[in-house]
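To start, the structure itself, in structure tokens.
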Amino acid sequence: MSYSNLKLFALSSNKELAKKVSQTIGIPLGQSTVRQFSDGEIQVNIEESIRGHHVFILQSTSSPVNDNLMEILIMVDALKRASAESVSVVMPYYGYARQDRKARSREPITSKLVANMLEVAGVDRLLTVDLHAAQIQGFFDIPVDHLMGAPLIADYFDRQGLVGDDVVVVSPDHGGVTRARKLAQCLKTPIAIIDKRRSVTKMNTSEVMNIIGNIKGKKCILIDDMIDTAGTICHAADALAEAGATAVYASCTHPVLSGPALDNIQNSAIEKLIVLDTIYLPEERLIDKIEQISIAELIGEAIIRIHEKRPLSPLFEMNKLK
């Protein structure tokens, strides 16, 4: 199939991943510039014709979250006004996903607001990875393709020999049990759960309470969709080590790693943290304990399948490793 009417553009948040995707699918990145006026307003210029093209924009809404989100909205508007046939947003990390419901009175549902903004701007399709809450897909009236990073993480641990009954996959909270179970199925391991109680007065903090499952004398693999300040994952790792785990590894799809995250990880019982490159990490943030693997091949294959109108279901395989 001809790719002459397929365009891939990168905005500011993760140009390194966009370059890898471009190389994977053999399509050069589109020419565009993003700049800010002196008052902080964002201006986007598309420097080539995209009339009649199927355009993909790659941008994670990581820090600075609001600027990166506005870049997407402005770019979509520019593409629509330039007569793109369709506009698909590839958002490896979907920011504001933690605000997916009203947990208390008078709270917003910001992940739904972001969905509304993308649709109003003119987005025809969203391609994303490991949403914080899978039901966010239902906030959209356009197609949402929801990829999973667990097979890539499973492949890494399989190559390290961390499989079988001597290994336990651990969810750091009850909400991540489904994710942990999928990874455990890949690695043929049992699972355990950390029972925690999150503080209602302090943001981004939690208290580990109990371990459900047998981890004594086992190597443990913690898995989460995202790590922000790393408080939860580090407390969980320390609790596992104190309970008799022989080694503790951690993994996540989205390395937000804000605030004291790097110090927390460095000073924790975690031996190695495996993350995907949905969020760009500069070299100075890749400390010895962190290893990053690329999701570019998976995203590239998804883009080609969408363009060729082929099913994405083979990309969701969780029962076998590469």
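The first residue you see is number 1, and the count goes up from there.
Each residue, glycine too, has its Cβ placed from N, Cα and C.
Here Swiss-Prot flags Asp39, Gly40, Glu41, Arg98, Gln99 as ATP binding site, drawing on sequence analysis. Summarising the annotation, Swiss-Prot assigns Mg(2+) 1 binding site to His132 and lists sequence analysis as the type of evidence. Per Swiss-Prot, the feature Mg(2+) 2 binding site maps to Asp173; the stated evidence is sequence analysis. The active site annotation in Swiss-Prot covers Lys196. Feature annotation from Swiss-Prot assigns D-ribose 5-phosphate binding site to Arg198, Asp224, Asp228, Thr229, Ala230, Gly231, Thr232.
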Of all the binding-site residues given, Asp39, Asp173, Asp224, Asp228, which has the fewest Cβ neighbours within 10 Å once its own Cβ is left out?
Asp39
Cα of Thr229 (D-ribose 5-phosphate binding site) to Cα of Gly40 (ATP binding site): how many Å, rounded?
27
Thr232 (D-ribose 5-phosphate binding site) to Glu41 (ATP binding site): how many Å between their Cα atoms?
36
How many Å lie between the Cα of Gln99 (ATP binding site) and the Cα of Asp173 (Mg(2+) 2 binding site)?
17
Within 10 Å of the Cβ of Ala230 (D-ribose 5-phosphate binding site), how many other Cβ atoms can be counted across all chains shown?
28
Which number gives the other C-beta atoms within 10 angstroms of the C-beta of Glu41 (ATP binding site), all protein chains shown included?
10
Just to be sure I understand the packing, how many Cβ atoms besides its own are within 10 Å of the Cβ of Thr232 (D-ribose 5-phosphate binding site)?
24
According to DSSP, which of helix, strand or coil covers Glu41 (ATP binding site)?
coil
